[in-house]
Amino acid sequence: MENQKTTPVYQVVEKFVSINGEGRRAGELAVFIRMKGCNLRCTYCDTLWANEADCESTEMTVDEIVSYIEESKVKNVTLTGGEPLLREGMAELITAILSDPQRRVEIETNGSVDLSPYCELERRPSFTMDYKMPDSGMEHAMRLSNMEKLSSEDTVKFVVSSRSDMERALEIIEKYDLRERTAVYFSPVFGRIEPVEMVDFLMEKKLNDVKIQIQLHKMIWDPQKRGV
Ligand SMILES: C[S@@+](CC[C@H](N)C(=O)[O-])C[C@H]1O[C@@H](n2cnc3c(N)ncnc32)[C@H](O)[C@@H]1O
Ligand SMILES: Nc1nc2[nH]cc(C(=O)O)c2c(=O)[nH]1
Ligand code: SF4
Ligand SMILES: [Mg+2]
C-alpha cells in the first residue's frame, strides 16, 4: 500500500472557452485551464488574483479536466496560471490531453521552470515561454538552460514596458540566436507602452523575424474581465 500512486489533483481557478488572445494561435478558439499559484510576482501581472493563497479554486483530476475539454469540442488547449508548470503531475495531464491526436497543448510559462521533463514526452506540448524583462522585476529568476530546449514549435515572448526593456530583449535574442531556434514575440505590457513605440524600435533596429502582438482579448472585452 505504501508505494501506491496517488492520483494528482490540480487547483484550477478558472476554466473557459474563448479565442486565444496571445501567441501563435491568437484568434483561434481555445480551452483555457488556469492553475492556481505562481513563484514570481511580475510588476504588471494581470492575473495576480490567481496567485493569492486565498484565491478560490476547484480541485480537478486529470479525468475531470479531460472531460471538460472533450465536452468543449475545442482542439486547442492552453494551460496557464499562475504558473502551470509548478504543479505536480503536469506531464500526466499533458499526456492525457494529447491522447486525442486532434488536440494541441500550449503552455504559458514564466521562464523560471525547467522545461526538460516536458520536452521528453512522446507528444510534446508547445511552450510560450516568457523571458521576463528588467521592468517586470523578475529577470533574476530566468532559467537560461531553457533556451536550448526551445524548438520551432515554441515561442519566446518578451513582455515589454519601455525602450530599455526592448534593448534588453534584443541582447537576449542575439545572445541565444533565438530567431533561428523559435518564434519571437514582443508584447506590450497593457497600457504601459504605446505599441507604435515598439514598431519604431523594430524599424530602427531592422529587427526582422520578430512579431509584435497586442493581447487580443483585451481589445474585444473589458481588459479586467475574467473568463475570456
Ligand atoms: C498571466 S501569465 C500566466 C503564465 C505564466 N505565469 C507566465 O508569466 O508566462 C500569461 C501571460 O500574460 C502575460 N501578461 C501578464 N500581465 C500582462 C500585462 N499586464 N500586459 C501584457 N501581458 C501580460 C504574461 O507575461 C504571460 O505571457
Ligand atoms: N483570451 C485569452 N487568451 C489568452 N492567452 C493566454 C492567456 C493567459 O492568461 O495565459 C489568455 C487569457 O487570459 N485570455
Ligand atoms: S509569472 Fe505569470 S502569473 Fe506569475 S506573476 Fe508573472 S505574469 Fe503573473
Ligand atoms: Mg491572461
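Glycine is treated like the rest: Cβ placed from N, Cα and C.
Not measured: the values here are computed from a predicted model.
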Site co-member for S-adenosyl-L-methionine according to TrEMBL, given Tyr44, Cys45, Asp46, out of Gly82, Gly89, Gly111: Gly82
Site-mate of Ile19, Asn20, Gly21, Thr80 for substrate in TrEMBL, selected among Arg34, Arg41: Arg34
Chain-mates of Tyr44, Cys45, Asp46, Gly82 with C-beta within 8 Å of site centroid, S-adenosyl-L-methionine: Cys38, Cys42, Thr47, Leu48, Asn51
Neighbourhood of Cys45 ([4Fe-4S] cluster binding site) by C-beta distance under 8 A, where only residues 6 or more apart in the same chain count: Cys38, Asn51
Cβ within 8 Å of the mean position of the Cβ atoms of Cys38, Cys42, Cys45: remaining residues of the chain near [4Fe-4S] cluster: Leu40, Arg41, Tyr44, Thr47, Leu48, Asn51, Asn110, Ser136, Met138
